[in-house]
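Right, one structure below, let's go through it.
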Amino acid sequence: MSDLSAHTPMMQQYWKLKHQHPDQLMFYRMGDFYEIFYEDAKKAAKLLDITLTARGQSAGQSIPMCGIPFHSLEGYLAKLVKLGESVVICEQIGDPATSKGPVERQVVRIITPGTISDEALLDERRDNLIAALLGDERLFGLAVLDITSGNFTVQEIKGWENLLAELERINPVELLIPDDWPQGLPAEKRPGARRRAPWDFDRDTARKSLCQQFATQDLKGFGCDKLTLAIGAAGCLLGYAKETQRTALPHLRSLRHERMDDTVILDAASRRNLELDINLAGGRDNTLQSVIDRCQTAMASRLLTRWLNRPLRDLKVLKARQDSIRCLLDGYRFEKLQPQLKEIGDIERILARIGLRNARPRDLARLRDALGALPELQNAMAELEAPHLARLAAITGTYPELAGLLERAIIDNPPAVIRDGGVLKTGYDSELDELLAMSENAGQFLIDLEAREKARTGLANLKVGYNRVHGYYIELPTKQAEQAPGDYIRRQTLKGAERFITPELKAFEDKALSAKSRALAREKMLYDALLETLIGHLAPLQDSAAALAELDVLSNLAERALNLDLNCPSFVDEPCLRIEQGRHPVVEQVLTTPFVANDLGLDNSTRMLIITGPNMGGKSTYMRQTALIVLMAHIGSFVPAARCELSLVDRIFTRIGSSDDLAGGRSTFMVEMSETANILHNATDCSLVLMDEVGRGTSTFDGLSLAWAAAERLAQLRAYTLFATHYFELTVLPESEPLVANVHLNATEHNERIVFLHHVLPGPASQSYGLAVAQLAGVPAVVIQRAREHLGRLETTSLPHETPIASKSKGEPDVPHQSDLFASLPHPAIEKLGKLDLDDMTPRQAIETLYQLKNLL
């Protein structure tokens with residue numbers, strides 16, 4: 001479309017604007033509709049399921065188009081944003097009555113998934129984050145912005161692995177990366193990844209724009225002055241936010257420097273397996289958050305989600321939260337606070353919309369109600385003696401002047417938008433009241449005029465009325481129109497009627513319509529001025545909102561502690577993880593029978609538990625509940641256990657369950673091995689590691705060998721490890737690894753049917769119960785019977801060269817009777833395996849040796 005002269009004036013105007021936003025859908029305001037043209041129309045018609053048509057011609061071709069009513073915009077925007085689309089809103093800013101040629105239009109806002117602020121487009125209980133990334137293979141700068149709250153963070157991260165784990169944690173809906181990065185990098189595979197010009201990330205420009213935004217000389221006060229990569233990313237984010245919002249951003253007041261060392265790190269697999277806030281099916285039911293979130297406000301739910309996804313290693317913060325929960329439980333004080341907190345609502349996002357100058361009348365009404373509830377809440381907070389709660393109370397103000405202003409200004413139940421007025425109270429502004437009175441008295445004038453004209457003309461069917469297109473009129477039936485007086489001027493002909501206007505009615509119309517339009521303009525001006533007044537108080541209001549959100553989360557955790565029977569964990573310096581009567585917080589809520597609680601003990605004498613037992617016996621539940629108890633402790637929450645004593649952990653790893661990564665071309669076994677490799681490379685003696693059925697995705701010998709070697713390596717790393725397996729050969733590990741112990745989930749058989757007891761007991765399992773589980777799953781009886789025959793034969797098979805793998809220590813429970821898989825290996829492989837010095841082998845040498853062993857089979 002380089003030659004615009006061939007187009008009509010309207011399309012020339014359209015293309016000048018469209019060329020500035022080639023990759024976004026443009027909604028072009030024409031009267032009461034937003035019209036969409038050309039390729040945008042084809043795409044929008046398909047996505048929105050609306051009719052695609054054509055509008056005249058331009059440059060010799062018909063124009064594909066579709067449209068939506070202007071008052072239905074929000075619903076269509078919501079659908080497009082959920083589909084990941086961005087939309088440019090182009091409004092008429094000129095006056096059609098005075099315009100020569102097309103009415104002047106401008107882009108007034110750009111809607112993207114990461115920069116939306118409209119309540120209708122947002123999930124109220126989820127952060128809506130946009131991130132920007134700058135760096136190379138070794139070091140990355142990451143900036144994250146929530147435009148709906150003003151939260152703005154930066155950090156620098158070493159390596160792709162840590163970066164991808166962090167991106168999984170924050171889960172941004174948009175991710176901005178430099179356009180000069182190579183194609184196909186891991187970050188670009190995330191949904192919402194968008195390339196931006198390299199100069200958008202310029203570090204010097206970024207530093208200047210950030211200092212200007214925060215009105216500071218430098219960034220030292222934010223602790224990020226030397227994070228040049230993160231500053232470049234933050235500058236890109238700030239520029240993108242200003243570009244889309246087309247206004248100042250006064251609610252963005254500071255940068256917060258986050259450090260991965262301050263947090264318990266969970267990789268993508270661990271977050272998925274633990275189902276913190278999203279279950280394995282992609283929903284929210286039966287997640288940890290679904291059980292522990294009874295927050296009164298949406299802003300508190302979002303904060304709790306952030307806590308769950310960013311557990312802390314800061315003992316000072318964790319103990320302050322624990323003390324706060326104890327205080328709120330004392331005398332059930334949380335019960336008094338929660339109804340008052342509910343009155344506060346989501347003022348965090350309301351304040352952001354005020355800062356963006358797009359707050360709606362109902363936002364201000366909700367803020368008015370929230371400010372009105374603050375004095376009573378402040379009185380209740382004054383009774384809380386816990387130091388952290390006292391700090392929150394000190395931050396939370398009452399703002400009587402603002403509360404009074406909003407009470408005087410906004411009617412009790414305002415309309416959704418300011419567009420048609422009717423928002424401000426009578427008495428708030430005398431000039432507005434006068435204009436409205438002039439407009440509203442029109443009704444009585446028309447009644448009086450109709451009565452006078454009927455008397456003057458003798459025409460009983462005469463009516464006086466008004467419509468938005470033709471204004472005021474006097475209507476007569478067609479048969480009586482010829483009897484109209486001479487001062488009646490014909491205005492409109494209808495089927496069966498004629499409409500007229502008189503000089504008197506015309507004079508009144510000019511006065512009334514002028515008063516109405518002037519009243520609307522006055523009300524909009526006053527509304528904008530009200531927003532500016534609130535913007536002047538934005539900083540303390542935002543601080544209060546943050547404090548109230550945290551108070552809500554802590555009150556919620558106190559309520560959950562009482563009603564879910566949670567107890568306060570103790571953090572100790574001694575390396576340990578001891579749990580008495582631990583429970584799975586989610587599973588126990590969905591069971592119809594009592595949950596079987598279990599103990600766990602890991603310390604300097606025992607760092608790994610080999611867990612055996614039948615399928616469905618509870619091994620995975622036992623492991624997951626341990627991880628969730630540790631995680632809940634690291635957000636400052638009480639935990640589902642009678643007693644819990646632990647030291648700080650640095651990471652939580654899970655290798656539980658796998659599926660094919662078809663898009664990535666990886667098999668189930670490859671996914672499993674990738675997760676295992678990540679654990680073996682990154683686990684430390686402060687890590688919690690859950691390993692479930694490692695090695696099951698390949699041949700028996702390969703799988704057992706890999707599981708054995710992985711377990712030995714984790715024992716040597718001294719990581720807190722729960723290692724569930726069906727390879728009973730691994731139960732001899734305690735004989736060679738002093739930090740390893742056996743436990744099992746017990747079960748019993750009755751009348752050839754299995755009964756799961758779910759108790760964790762010392763020692764290895766006595767048998768696998770695999771056939772009983774298969775029978776429970778509905779495997780045909782004839783197959784079960786045949787399997788029993790095969791099992792009996794296999795269990796009695798004895799080969800001449802069978803030898804024990806390791807001698808049994810005195811007092812050690814008998815290893816369960818099961819065919820020894822290693823016993824059938826040819827002698828050369830056994831001999832080679834016995835000569836290996838595993839401590840001196842590199843990972844590469846270990847893999848090569850495994851291949852050599854396999855070739856000897």
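Yeah, the Cβs are placed from backbone N, Cα and C, and that goes for glycine too.
GLY618 (ATP binding site): 24 other CB atoms within 10 A of its CB, across all protein chains. The ATP binding site annotation in Swiss-Prot covers GLY613, PRO614, ASN615, MET616, GLY617, GLY618, LYS619, SER620.
Annotation source Swiss-Prot lists region 'Disordered' at 794-816.
Compute the center of the Cβ atoms of GLY613, PRO614, ASN615, MET616, GLY617, GLY618, LYS619, SER620, which mark the site for ATP; besides them, the chain residues with Cβ within 8 Å of that center are LEU745, ALA747, PHE756. Its Cβ placed at the centre, SER620 (ATP binding site) has 22 other Cβ atoms within 10 Å. Cβ crowding, taken as the number of other Cβ atoms within 10 Å, peaks at GLY613 among the binding-site residues GLY613, MET616, GLY617, LYS619. Taken residue by residue with DSSP, LYS619 (ATP binding site) is part of a helix. In this view, ASN615 (ATP binding site) is surrounded by 20 other Cβ atoms within 10 Å of its Cβ, with every protein chain counted. When Cβ atoms from all protein chains are considered, those within 10 Å of PRO614 (ATP binding site) total 23, not counting its own.
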